[in-house]
Amino acid sequence: MGIQGLAKLIADVAPSAIRENDIKSYFGRKVAIDASMSIYQFLIAVRQGGDVLQNEEGETTSHLMGMFYRTIRMMENGIKPVYVFDGKPPQLKSGELAKRSERRAEAEKQLQQAQAAGAETEVEKFTKRLVKVTKQHNDECKHLLSLMGIPYLDAPSEAEASCAALVKAGKVYAAATEDMDCLTFGSPVLMRHLTASEAKKLPIQEFHLSRILQELGLNQEQFVDLCILLGSDYCESIRGIGPKRAVDLIQKHKSIEEIVRRLDPNKYPVPENWLHKEAQQLFLEPEVLDPESVELKWSEPNEEELVRFMCGEKQFSEERIRSGVRRLSKSRQGSTQGRLDDFFKVTGSLSSAKRKEPEPKGAAKKKQRLGPAGKFKRGK
């Protein structure tokens, strides 16, 4: 889910923090991609007649087709992707995961009713609601990436948090995901729609955290409190407080604790056993991989092993897979050229002079808890 309504709120109150770019403008950029979010998109979008792609054994293959061709598209445009996979979800997320299970059970019932009624549109809608990324999907995509020569990382916990850590450490330019909580985890730059279908023709949206904080007049701790008020995966929000009201309250009172102290408890009851402090800590001190231990390497694809896996096991067209490998190899030759801004330091201009970012305080300054360095798999 991410943060409820955050993208629209930023567009309304801090529009200068959002840029829209064509994929070609990211030539030479390294980008950390939320793997689970991408795989979920592929399972939803890569379909034939409303159904996921399958081989003769009935195994789903939509995720592999999506991962193969979208990754090639990025490489052809000079982007160097590194996929980051989720680790163990934090305990705070258990409530949200339970709600998702309930929604899946309800969608299953509605799907059966739609099938009985022969309502094709409804059948497709509820079928997509039942899509879930499994360990097998993840493992197969990791195997595919290793054969393609594309690096991936296993995060100790939430992938978005480790993506944010890689951006903050300068290992990559941006984090790519549809989940806005990547900003709440502190990613300086967030890209949306990078792995979306070409058919949708969506421009890539680029969100800049420093500009968001400047426009709202908040520091990172206060921004985290705003996101908790909007609604996150980790704790309930206060009913009756909408996005604009949440912004007004945090700008005026500076913290959730002060807001709660001043709110009318009858009009705005605080959730029972509210875990907002735990959510604050999770956002400000997430368990992440150690960026300094990460060495990213993009290598030549293993054509014969790719054919064996994608064609022999998963029954894709050999001609198409070999064609894709040729495109991938060609893109590697072109992407060795760097960006001009990697060689020349920008000293500033009148139009883009940055104001000083509000200084974080307290817990925001504490070093993030580092999980295991993240099992790093290098493309062979």
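A Cβ is built for glycine as well, from the same backbone N, Cα and C atoms used for every other residue.
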Quick one: which of 291-299, 300-308, 336-344 does Swiss-Prot have down as region 'Interaction with PCNA'? 336-344
According to Swiss-Prot, which candidate in Asp139, Asp225, Asp233, Asp248 joins Asp179, Asp181 at the Mg(2+) 2 site: Asp233
Need one residue: from Asp22, Asp34, the one Swiss-Prot lists with Asp86, Glu158, Glu160 for Mg(2+) 1. Asp34
Distance from Arg192 (symmetric dimethylarginine) back to Asp86 (Mg(2+) 1 binding site), taken between C-alpha atoms, in Å: 18
What's the most sparsely packed of the modified residues Ser187, Ser255, Ser293, counting other C-beta atoms within 10 A? Ser293
Nonlocal neighbours by CB distance (under 8 Å) for Asp181 (Mg(2+) 2 binding site), same chain, sequence gap 6 or more: Gly2, Ile3, Glu160, Cys227, Ser232, Asp233, Phe283
My understanding is the cutoff is Cβ-Cβ under 8 Å with a sequence separation of 6 or more in the same chain; which residues meet that for Arg192 (symmetric dimethylarginine)? Ala7, Ala176, Thr177, Glu178, Ile204, Gln205, Phe207
With the fewest other Cβ atoms within 10 Å, the residue among the recorded positions Arg19, Arg70, Lys80 is Arg19
